[in-house]
Amino acid sequence: MSLYHEAAGILDAASKESGSLKSLVFGKKTWKSDQKTLFALTSEAAKWSAVLSEVVEKSGILKTEKQLTPTLALVLSHDLLLSKRGVALPQKHGLNLTISRSKARLTSELTKARIRRGFATIDGLRQAINNPETSAQGESGDQKPIVRHPRWIRVNAIKSSLEKQLQTTFSDYVQVESLSKLSGGQTKSIYLDPHIPNLVAIVQNTDIMRSKAYRTGELILQDKASCFPAYLLDPRPDEGLVIDACAAPGNKTTHVAAILSERASNEDGDSLGVIACEKNPARSQTLEKMVKIAGGDSIISIKAKQDFTKLDPESAISGEVTALLLDPSCSGSGIVGRDESTVDVHLPSASASESSQQSKKRKRSNPAKIKPETIEDSSQEDPTLEEQPMPAEEDGVKLQARLSALSSFQLRIIEHAMSFPAAKRITYSTCSVHPEENEHVVMKALASSIAAERGWRIMRRDQQVDGMRRWHIRGWKAACELGQNILDDANICDDAETIADACIRCDKLSEDGTMGFFVAGFVRDAAQNGDHVNQRKKPEEKIDHDGDDAEEWAGFDD
Ligand SMILES: C[S@@+](CC[C@H](N)C(=O)[O-])C[C@H]1O[C@@H](n2cnc3c(N)ncnc32)[C@H](O)[C@@H]1O
């Protein structure tokens, strides 16, 4: 079997599962072709597959050359059009003759595809494909981008304001009305997010990291999705204390503090309070640094090396807590660039322009793949080892075991938060795309005995803050239904449809420019709240910062 047949087989397998090429190639020892060559060809062809599938479709060669499968055409056209060495087969080899017969048509379609994307040269397009996060736009600036993953920046309301930043740091930027219109180069542009207050987007570039506003903590680099939890939590300075249970590096902690500080600007700021717990010692130090640079140290009390699940909900200070933000360790499967070897493979279809639709549908049908047994897992093992790489997608058993352990830990965090006597609102979030860590955990939390005992319910869409109510991607209904069936819905007040609609999702690398993310809120009926907690109070336990104010901020990016 030739290199191209083997490569096509690998891409076919990857396209079915959106799987990891590395494990597909290196997980098998019986290839005829050299493994490194196979990996290089398949990963390059996958990277170019969005463009090449269009080229192959529009050239019509799948109709004329019957021996070519869509994937075979993809890998062969990659080498024919883009590889310096050309097709790695003897000139008279049947496959080489077949693909070379169509070289003129394929080249012409590649030129059109490049121009449609706004690139004057093939090198420009190559650069964009190799660095999608730094090339949100074609060179001409007005064409369809390949990947829109902008640089999201939150203006830190503790230290600055959107208005001030637009007049200073972004004074030479032009406002655009959609993410797709963002451009870099000479005419820099900025997009004001319509969902999250104080959030802006620009194209990825390094300039902003050199700006004074960034170095002094007036600007914080934070993905749009990662701003959802603090905003959904809707902290109110006149209510009580807020706990961020799993806080490091501190993007959401400082966001909560910023919302409180903005809302309390006309009141006594000293009475604000956020308690930030972080279990990991090294990450606790990072959290301390971030809080300090963001100017949050008079608002935020850090509980370094503190396991949230060991925090006593019955202590006096816990009795003051009315809102909790839970962003526990998760698989991280939604993080852009986390699993570089996992790629989306776009395959050409003989009847043009069907492929992207099909690949979208394939992704959205994920809920059907949920395995019922994962929802019942009740392992008490603590799997907060988020630095561990996730098993490859196709290593189903290991992946399910890891997700199962993570979801048990995530549920424990929620149940512990639900036990705080005066708590009224909780947000739960992950940067995972897996329903096992998302809708399933929400369903289990709603069905838990502590939820029933304390009257916790889902925060319905109509109860959410404006921007979150308007957000268009909601939870997966099938995942909620499955949860409800398995768990015996006795304790769950709302139906699966309402709960799915209450859950908020962000798709990874979609036109929204976000990472993959999930957030849901829980609320309690007023009657069951500890309404004795109305007085605002700053937490007593404060970490003693070392007072090194002159230290330069290198910045954090979530
Ligand atoms: C996903 S990260 C949080 C990111 C953070 N919310 C932000 O936006 O910057 C999860 C954090 O929770 C910490 N963690 C895990 N288990 C914990 C526990 N039981 N108590 C407190 N922190 C925990 C991890 O060390 C990690 O730093």
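In case you wondered, yes, glycine gets a Cβ from its N, Cα and C as well.
Source: prediction; values computed, not measured.
Binding of S-adenosyl-L-methionine is attributed by TrEMBL to Cys246, Ala247, Ala248, Pro249, Gly250, Asn251, Lys252, Asp307, Asp327, and within the candidate set Glu163, Glu177, Glu218, Glu278 the record adds Glu278 to that site. For the domain 'SAM-dependent MTase RsmB/NOP-type' (141-525), the model gives a mean pLDDT of 83. Within the same chain, residues at least six positions away from Cys431 (active site, nucleophile) with a Cβ under 8 Å of its Cβ are Ala225, Ser226, Cys330, Gly332, Ser333, Gly334, Ile335, Met515, Gly516, Phe517, Phe518.
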